[in-house]
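Undergrad: Okay, so TrEMBL annotates it like this:
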type     : residues     : note
BINDING  : 21, 23, 32   : Ca(2+) binding site
TRANSMEM : 33-54        : transmembrane segment
TRANSMEM : 66-87        : transmembrane segment
BINDING  : 80, 206, 210 : Zn(2+) binding site
TRANSMEM : 121-153      : transmembrane segment
TRANSMEM : 174-192      : transmembrane segment
TRANSMEM : 207-226      : transmembrane segment
Ligand SMILES: [Zn+2]
């Protein structure tokens, strides 16, 4: 065993996926240091999203979306810090719930019967949680998740072509760009892991994946907030926070008594 590696507080690794980063190099409490701290930007972005949604009176579904992103990022932190199977698996059911919520946000404005589809989605989410708890889907989980994500794409694309605002369109493009770049980092980290561990500095592809996906989720939610504000006639516009971070600013028309 490498002399520089510290003792592990969490005991032996029980997770089924081990990542490229060397374990317990910085602290005996954190198995994978960079893969753990790289979730912090995602948590902060989700917090900014929640504050923005609540302060301006967006519908609760948007605070919930940001909250889900935060929960998933915290779950990811716990997983990479401990490399325990229980944390690896505890992220999976919330991931599916979040996608179901995205489906609701994307498709609900088109639904004719207001309560049928939400009821179906809630039952679907609950059934999935129970089945996944007992059966522990492996590859099936991934395929099911990809399938659900693909169902979101057509409506997302339709929103994109319907949006005339250039700044909002740019957020949609940033969403695609961060997703592609994050995927490249993830693949490179997996494919070249053996080579990179020999390098003086490991580029930490998986940590970059976390950072980029934190921004990716934020851009997705921001774009959807813009589209929803437009549907409701709230005159949305894209403003910049700290000079670079786009967010949706709305001005709801005065209510007449
Ligand atoms: Zn990860």
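Every residue gets a Cβ built from N, Cα and C, even glycine.
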Undergrad: Work out the three-state DSSP category of residue 32 (Ca(2+) binding site).
TA: coil
Undergrad: Between 206, 210, which of the binding-site residues has the fewest other CB atoms within 10 angstroms in the structure shown?
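TA: Least crowded of the binding-site residues 206, 210, by Cβ count within 10 Å, is 206.
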Undergrad: Starting from the Zn(2+) site formed by 80, 206, 210, give every other residue of that chain whose CB sits within 8 Å of the mean position of their CB atoms, in sequence order.
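TA: Here the non-site neighbours turn out to be 19, 21, 32, 34, 35, 36, 38, 39, 76, 207, 209.
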Undergrad: What stretch of 66-87, 121-153, 207-226 shows the most Cβ pairs under 8 Å to the transmembrane segment (33-54)?
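TA: That would be 207-226.
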Undergrad: Six or more residues out from either end of the transmembrane segment (207-226), which same-chain residues have a Cβ under 8 Å from its Cβ atoms?
TA: 21, 34-35, 37-39, 41-43, 45-46, 48-49, 53, 58, 62, 65-66, 69, 73, 76, 102, 105-106, 159, 163, 165, 168, 171-172, 174-175, 178-179, 181-183, 185-186, 189, 236, 238, 246-248
Undergrad: List nothing but the one residue from 21, 32 whose Cβ has the fewest other Cβ atoms within 10 Å; the candidates are the binding-site residues.
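TA: 21, out of the binding-site residues 21, 32, has the fewest neighbouring Cβ atoms within 10 Å.
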Undergrad: Determine the most Cβ-crowded residue among the binding-site residues 23, 80, using a 10 Å radius around each Cβ and all protein chains in the structure.
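TA: For the binding-site residues 23, 80, the Cβ with the most other Cβ atoms within 10 Å is 80.
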Undergrad: Sequence-remote contacts (6 or more beyond its ends) of the transmembrane segment (66-87), Cβ cut-off under 8 Å?
TA: 10, 13-16, 18-19, 23, 29-32, 35-36, 39-40, 42-43, 45-47, 49-50, 53, 94-95, 97-98, 101, 210, 214, 217-218, 221
Undergrad: Please name which of the binding-site residues listed here, 21, 23, 32, is nearest in space to residue 206 (Zn(2+) binding site), Cα against Cα.
TA: 21
Undergrad: Tell me the Cα distance separating residue 80 (Zn(2+) binding site) from residue 21 (Ca(2+) binding site), rounded to the nearest angstrom.
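TA: Just about 10 Å between their Cα atoms.
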Undergrad: Helix, strand or coil for residue 206 (Zn(2+) binding site)? Use DSSP.
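TA: Where residue 206 (Zn(2+) binding site) sits, the three-state DSSP reduction gives helix.
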